[in-house]
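Structure first, commentary second.
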Amino acid sequence: MPISTRGPAIEVAGLRKTYRSKSGDQLVLDGVDLVVPAGTVTALLGPNGAGKTTTVGVLSTLLKADAGTVRVAGHDIAREPDAVRASIGVTGQITAVDELLTGTENLRLMADLNHLGRAAGRRRVSDLLERFGLADAAAKPVATYSGGMKRKLDLAMTLVGAPSVVFLDEPTTGLDPRSRRTLWEEVRALVESGTTILLTTQYLEEADRLADAVAVLHGGRIVAEGTPDELKAVHAAGSLDDVFLALTEPPAGTDAATAEDDVPADEKENVR
Amino acid sequence: MTTIATPVPTAVARPRPVADVRTMLRRNLLRAVRYPGLTMFMVLGPLVMLVLFVYVFGGALGAGVDPGAAPGAEARAAYLDYLTPTLLVITIVGAGQSVAISAAMDAYGGIMARFKTMAISPGSVLSGQVLGTVIQGILALVLVLAAAFAMGYRPEADALDWLALAGVLVLLAFALAWLCVAMGLNAKSVETASNTPMILLLLPFLGSGFVPVETMPTPVQWFAQHQPFTPIIETVRGLLAGGAGLDGSVALTAVAWLVLIGVAGYVWARSLFRRERRI
């Protein structure tokens, strides 16, 4: 659903999230505040286990927040989850494609689930296949695709419903430089057409090149926010790498080894 | 000023359960066509058992199920009569195993998370799996029954018996599919998804599936008489035999078990689907 004015596309205030399990509770988000203006790209940076994926999970209605308010595309995620779902597209860390189906069938599945109607759906599917350079492989089962092609199809599937807000959780992890560049170009084109993007990434170069704004998540909070250049200036750093290292030092008393243990087991597995 | 300038169709906010279930069913049937191995596995297991148990063991076992049958060809025919209903039930258990695997594949492959972030009917995700499995299971049943026919099986059921039989088998397929979807979602990995449904495969052996319960030691007999697969197999067997030896209370017990298994499986599957998965 398009937003009528260029207000914020994402507004997060005081977001808290704890994972509860038999082996103990783990606080992951401890009061996250974040505003993403419509039609911009915000990159969420942070060390492994900082809660980037959890943040995307809550904002995309996959996880329930314990406290705080979140509005996405003008809708409250707790009160109008379906309106939020109709406005968003999510490309998660795990490539979410059906390997047994072909590229066309995967996209058509999304068109049907978005209730686009037969003719409009078919048009949209062939547009996206063309746009992502998948037209030649469209009739082949996805199991035969390369990692880069699967990721492109994944993003194309996310875009079938023409979402106004797109979440990309480490979209280029494991991709070769060429595929990464193709994805960057797609992201830029999306923003030019008015889409709002929140992306998480491990690659600071990616944030530097793509993002209008960068938010650094550490210890369950946003510890810095600004344009890449602002952050570099404030921290007298030459690159976002230096800013990142300065901001996300493990707290005193913990070392790298214990910090590593904070990574949720699932997240470790998913990093490929 | 609007944020979307391009004239592309946008998603409709309201989920449409009927359309969504149809879409998901189509996906699952398409998967079955693309990956026929799983369906073949469903048919192959019972077929191997049919040939092995009838042609190798049947000559001896037949006398145990029909005391009047002479060892050899007559006993084999008697055992074919006894075994075919069991194998129909086992075919449906095999369908359950396959749906457990596909549910786990969806849950661990990321596509279920994608579905959950879309404005679709949440029930359609699992219903599509269950419906697809029931259809696959029915096709597999027809093939197994055809094989039994080719081996000389001639049931005495009349039209009404066949109708009742179809009802019981479809109910069985739905009940086991919901239970196995839950088992698949509850599995720790895709590889272990079919382990728990494997227990279901053991139950016909510990009941009246292969030999009469009366021949078993007392503790096993007690278990056999109180587990769901004994009345279910007895009902299928009775209907195929023309309903002559079928006790009404056995059929009722079977249907009650099936409803119980189906409802419990559905409730369990739904709660597992809604459970927050740590990401």
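Cβ atoms are placed via backbone N, Cα and C, with glycine included.
Those TrEMBL annotations? Automatic predictions, nothing curated.
Sequence-distant contacts of the transmembrane segment (B:32-57) (same chain, six or more residues past either end, CB-CB distance under 8 Å): 76, 79-80, 83-84, 87-88, 90-91, 94-95, 97-98, 101-102, 132, 136-137, 139-140, 143-144, 147-148, 151, 210. The feature transmembrane segment is assigned by TrEMBL to B:32-57 (among others).
For B:37-276, the entry in TrEMBL reads domain 'ABC transmembrane type-2'.
Annotation source TrEMBL lists transmembrane segment at B:87-109 (among others). Remote same-chain residues near the transmembrane segment (B:87-109) are listed as 28, 31, 38-39, 41-43, 45-46, 49-50, 115, 125-126, 129-130, 132-134, 136-137, 140-141, 144-145, 148, 169, 172-173, 176-177, 179-181, 183-185, 187, 189-190, 193-194, 196-198, 200-201, 204, 209, 229, 232-233, 236, 277 (criterion: CB distance under 8 Å, separation of at least six residues from the stretch ends).
Per TrEMBL, the feature transmembrane segment maps to B:130-150 (among others). Within the chain, the transmembrane segment (B:130-150) has long-range Cβ neighbours (under 8 A, six or more residues past its boundaries) at 21, 25, 28-29, 31-32, 39, 42-43, 46-47, 50, 80, 84, 87-88, 91-92, 94-96, 98-99, 102, 169-170, 173-174, 177-178, 180-181.
Positions annotated as transmembrane segment by TrEMBL: B:162-185 (among others).
Outside the transmembrane segment (B:197-213), and at least 6 residues removed from its termini, the chain residues within Cβ reach (under 8 Å) are 53, 61, 64-65, 83, 86, 89-90, 93-94, 96-97, 100, 176, 179-180, 183-184, 220-221, 223-225, 227-230, 233-234, 237. Under the heading transmembrane segment, TrEMBL lists B:197-213 (among others).
Per TrEMBL, transmembrane segment is recorded for B:249-269 (among others). Listed as Cβ neighbours of the transmembrane segment (B:249-269) (distance under 8 Å, sequence separation of 6 or more from its ends, same chain) are residues 126, 168, 171-172, 174-182, 185-186, 228, 231-232, 234-235, 238.
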